[in-house]
Structures are given as C-alpha cells and as structure tokens.
Amino acid sequence: MLSTQAHPGYCNGGFDGLHPPSDDDDMVDIAGATLDFSSTDDVPPLRVYEEHQSRAGANGTGPGSLMDPLEDPVPGLGTYEDFNTIDWVREKSKDRDRHREITKNSRRSTAALLHSISDAFSGWLLMLLVGLMAGALAGGIDIAAHWLTDMKEGICLDGFWFSHEHCCWKSSETTFKDRDRCPQWQTWGELITGTSEGAFSYILNYLIYIVWALFFAFLAVTLVRAFAPYACGSGIPEIKTILSGFIIRGYLGKWTLITKTVTLVLAVSSGLSLGKEGPLVHVACCCANILCHLFTKYRKNEAKRREVLSAAAAVGVSVAFGAPIGGVLFSLEEVSYYFPLKTLWRSFFAALVAAFTLRSINPFGNSRLVLFYVEFHAPWHLVELVPFIFLGIFGGLWGALFIKANIAWCRIRKTTRLGRYPIVEVLAVTAVTALVAYPNSYTRMSGAELISELFNDCSLLDSSQLCGYLQVGQTGIGNSLADRPAGPGLFTALWQLALALLFKMLITVVTFGMKVPSGLFIPSMAVGAIAGRLLGVGMEQLAYYNHDGLIFKGWCTPEADCITPGLYAMVGAAACLGGVTRMTVSLVVIMFELTGGLEYIVPLMAAAMTSKWVADAFGREGIYEAHIRLNGYPFLEPKEEFEHSSLAVDVMRPRRSDPPLAVLTQDSMTVGGVESTRYSGFPVVVSQESPRLVGFVLRRDLLISIDNARKRQDGVVGASLVVFSEHPPAQAPDGPPPLRLRGIMDLSPFTVTDHTPMDITVDIFRKLGLRQCLVTHNGRLLGIITKKDILKHMAQIANRDPDSILFN
C-alpha cells in the first residue's frame, strides 16, 4: 500500500477535511515546543477559492462550463499541508516555466521588459532588506541583553538605561586599574545600605541577583508559552529540516520573530548557560520568510523561498559573531540542503550588508565588528601542536558526551511528567544556576564576557586575576610580558576556573532544549576556553621552570614570551564547539574572524579536525542532527552514508503481506471513489488489468480540483468520472459530465526498477529532494518508496525505533 498516509482530516472529504482538527490527540511536542496542527500563521489560505470563484464569474467561466486545469488553472494547486515535504522537482519546474514566460513577454513591450528587470533584481533587493533587518535586530538584542545582564548587579545613577560599561565611560573619577568602578554605578547592596563592604551588602546583592534572574527567566518562558511555542530552543535543527523541504507552518512567522527577539534578550540576561548566537539564525530566517511575502516569486514558490532562507542562515551567523565569510560557510557546510552558486553570491551579499549594519550600530562599543578581538604578540611553535591536539581530543570527548547526555535528558523531558511543567523546570534550573554562579566571578559574568577574559593576553596594564603573576623584573616585546611564575592571584583564578568548568559542563546539559530560546555556541566555547586557559597556564609554567629542557631548548629563553595562554583558550573554544556541532571549515573561519587571529589558523585547523575525528568515533551525528532524529523529522542527512546492500524491492510498499497497491485508473474512477480514498498520493495507471504507469497525483490536489469543479461546473456528482487521459471515453447521453484532471497529474514521476540498489535510491532522494519514487518491473508498476520509508529502513539498519519517524 502507499506509505504516504494522508492527514487524518482528509478522511472527511471536501475542504473541511483540509483543516486538521485541533484536539489534544493532534498535538505533538517537538524541540520543546508544542506543535499545534491548527496553526494558521503562514498557512496558504483556502479562501482563495471563493476569491477565484468571484473572478471566474466575472470572466464568464461560471457554472456550466467544463473545467480543465490545463486551460484554466485552479488556485491552491501545488500547495502543501503542514508537516509534509515539498516536491523540489515540481517547484523548480514551476519557477523555470515562470521565468520562461517572463523572458518571452519581455520582448513584446517596454512594461514587460521592466517587469523582467525588476524580477531579476528582486532577489538582490530581498537580500538587502534581510541583511538590514537582521543586522538591526541583532544590534538591538546585543545592547538590550548587555543592559539587563548588568541590571542584576546594580544600576547607573545617571540613568537606569545605561549599562555598567556605558555608565563609567563618562566618569572622570575612573582609574585605568579600576576602570569598571565609578561613583555613578552602584550595586544594589550599596544603593540600599550605603556601603559596598560587609556581609549584609553581599547577601543583599546575592538575593537581588537571584530575584532578577528568576524574573527574567519567568518572563521568557511565559511569553514563549503564551504567544509562540516555536520560539524556544536553538531553532537550527528545525531550520535544517525546513531547508531540506519540510514545512512547519508558523515556525518562521511574525509572532515567532517578535517573541523570540524579546525572550532571547530575557533568557540571556537571566544568566542561564545559553547563548544568543544559534537563535539569531532563527531570527534571521524569520526576517527572510516574512520579507519573502513582499515578492511574488518567493511567496509562491517553496524552493525559491528556501534559497533565501539559506542566505538568511548565513546572515544569522554573520550578525551573531561579526563573521560574514564564516556565516556563508556555516550555511553551506552545516545548514543548507540546496545551495546553488547564485545562493552563494546572494548569501555573501546579505552577510556583508548585515555585518555593515551591525558595525554601524556598534553594540560592543569597541568600534570593531569582531566579538573577541585578540592581540597575541608571540608566535606559536611547532612543539605546541601536541597540546593543541590534546585540546582537540578533549573537545571531541566533551562533544560526544554532551550530545549523549543532552539527548538522554531531552528524551526524559518528552516522555515523563517533567515536560508538562516547562515553567517549573526553567525556574528550577535558573535558581540553581544563579545560586551556584554568583559566588564565582567567572560563572557570574556572561558567557561572552567570560570568553573574552579567557582569550585576553596579559599585558603591563592588566588588573585581571588571570594576570596575577609574580613580578620578577622581566619585560617582553612591546606591551607584552615575558613568562613569569604564577602568583597567589593566578592560583585563585585557576581554582575558580576549574570549578567553573565542572559547573558549565553539567548545567549546559540540562539547559539546552528548555522552553526558552537557547543557543549552544557560547556555552560550548566557554567550556573549551576554560579548559584551554588551564592547559595554557600549565604549559606556560612548565616552560618557565624548564626553559633549558629538551622540549623548550632552542626556542624558549628566560626573557621571552614563549607561551600564550589566551591562544590555548581560543583553540580549546574551537575544539569544543567543533566536537558538539561537527563543524570544520566554517568553524575555523568563524574563529579567526571572531578574534582577528589570522596567523593561528593551523592550530585551529589541527584542533577542529582532531575534535571531529574523536567525536565521530562515538557517533557521527552532531547535536543538531541528534535533535532532528529525536523529534522524528523526515531529514535525510547528506553526511550519512548508506552502506547496506538492500534493494528497492526490500523497502518499497506494499510488502509481500500487504494488500495490493492503492492506485487510480486513468479513465474509470468516479468522484465518489476518489473522495473515499485515505492516502495522500496515488500512482495513476492505465487500468487494474494493465498496471502501466501514466503519472502520479496528490490527493490534496484532487480534493481542491473536485471542490472547485462543484462550484464552477454543473452536474458534478459522486458518479461523475474523473479522467486523467488525454481523450475522455465516450459517455452516456444522460450521464453526468466527466472531470478532466490531467492537468494536475505529474506526467513524469521518478521511477526506479525493483533491483535498483538502495544506496543509489537514497542518493536520488537526497540530490533531487524527492518525496516519493515509484518502483517498476519490466514497465509494470510494483510499488512506491517515500522519504519516510527510507528513513524507517535506515533506522532499522541502525537498530533504532523506525516508528520514531513521525512525519512524511
């Protein structure tokens, strides 16, 4: 039997069945969001039929005329149900036909030529608008998150809207050593008690910090739950699935954009172990999807819209890190399913516009685009590749462990009562995070501040605890310092960092996937940066006390700056992020754009590749692919190899024990027979006795056409013939007129023979974006293979539950 089951609402027949019921049985919990099948945001409205009917009457094609979709197209044909996969081949074919029509008409008149030029330019204009909108939103999110994060600790007396840094910029009483202190900025304890010293002031600050954190987290989870359940999580797994052709109505809608923008600021400000970089990809894709509705070419073609969304994913990374080139590579390597050369150019342009917009807003206040600017003075030595590779091994192990632990926790959340109380879970995790984080200065600060501190190279003017070395009268090159022995301040910082490392590793597992916007880039980088800084300081002290040893002799002298701990932090950050996401090329480019450390590409490459190899030894899927599989999305991973020796006949339906394949015949089916069917698509054959393939038709298109025919053609009853052949058969004089629906049929469905190897079939599905493929033997139709059938077969081979694939 045909494996593409229709939506339950189809069973009713007619258009009422096209709107699925919204009872509790049809609610599915996915990625922390409750997906409501009755969502109407971004749903192609079915009322177009009434509008078309009124236009048809005005044009003289009212009741009584014989309907033929070839001559008079029916609006709504070619649209898709929620939680279904688009037909890439049909969408690309529609766009080619549209483009040919515009090109042909452009030779006839000046107006048509101008229309052709505007159509060609519309893609670039859309990219410009996406870049401007996403850059402006990202700048606002950065500024607001910085302000609210500082508000947990104190307030500016000159104006509550100033962050700590901006408040002290204007102060004439700020010294360079205590540049983060000024009379205009007061902690809550100092404001209430009049002094910043003493246990009471500390406890007061502690309690107010926790209250603010809980308040921000409560607001975030409540807004997500009330207005846009799709706004939670990272969004990248769903973006990847949408770009592969899957449809989730409302996931990129206006309410999701507004809610995610506001709650992302609140979630980051609450101090939870999450970042805003991943969700910014979702925000940029929402901007692109909304702006696509301004242009007919993208509004009416799902494949063209996905080209824009691929570019928007690049924009998201560009504004998240200030890394336009890395953003384009991220979209190409990690997110996009279909990425033609034209999309590459437009992605580059959009990322450039977004980066320029963000630079104009200057949210970091340092007149630079990059998030973590580094100035390392000492070159790295070949011997240091060994510790860099060790950091890669650590990143791979951490990535594999994190994925397994996080997926296990998310599965518990989905299958137990914990998932029914998202607000309680968020508040509990926030309370634990705030309680543990406040006493440690490295966990109290935001993730971006922590990474910036760990990347920092100690200079003569640094007052950081991480620069608490003993002064021995040595100087290095320029403003840098030669290697020195560690002092009490540095030892204290190392203990705090070790505790922060353990805390970050544990708390990030339960934080990612909660019902608030939560990115994984910054927490992963923070774990790696802490581990890298610890190793870097260890190597630095080893070099200082053993500069005459075999390893250091010849390149490390007592007065030299041999080891740069900040470089180790940078390499560790890349290794852990690579272990979690399995990025390689885009990761290295993002890291050197992020830091400006162009000469350190080789250490970053070594760590990124080692991290990927080690993590792949425990499982080939990254965190986003793992969440896609957990949620049951129909996503054929391009990186996954199909190594089984099965054939198409082993996977197709019907199986040997199943009833015969449900088909439609080209000239002997009635309207009543078609409406009583329960599958979402049908092969059309010559006859039951001669099952030679004629084409393929979707049930949704059938129902739309039949309903439209009832409104526009007299005499359509249950006994009316539905004809798919070019020449309808002879009819009885007193019989009802036939419905000629050859125009809605796909006359060139993809077919394979029953002995086609499945690895070739899987490649066909991946590279052409097919929804289904028909199986033949000597020209006779045998069965059908859908994308869901392939995913179930691959799950069985991998000893996973095939019923975990939820959607078509």
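A Cβ is built for glycine as well, from the same backbone N, Cα and C atoms used for every other residue.
No curator has checked TrEMBL annotations; they are predicted automatically.
Checking the ranges 1-24, 73-96, 97-120, 169-192 against TrEMBL, the region 'Disordered' annotation falls on 1-24. In summary, the transmembrane segment (421-438) lies against the transmembrane segment (493-514): three or more C-beta pairs, each 6 or more positions apart in sequence, are under 8 Å.
With a cut-off of 8 Å between Cβ atoms, the residues of this chain six or more beyond the transmembrane segment (308-332) that come close are 123, 126-127, 130-131, 134-135, 137-139, 239, 242-243, 252, 276-278, 280-285, 287-289, 292, 298, 338-339, 343-344, 346-348, 350-352, 354-355, 357-359, 368-371, 521, 583, 585-587, 589-591, 593-594. Across the domain 'CBS' (745-802), DSSP helix (H, G, I), strand (E, B) and coil residues number 23 helix, 18 strand, 17 coil.
Each residue in the domain 'CBS' (745-802) has a pLDDT score, and their mean in this model is 90.
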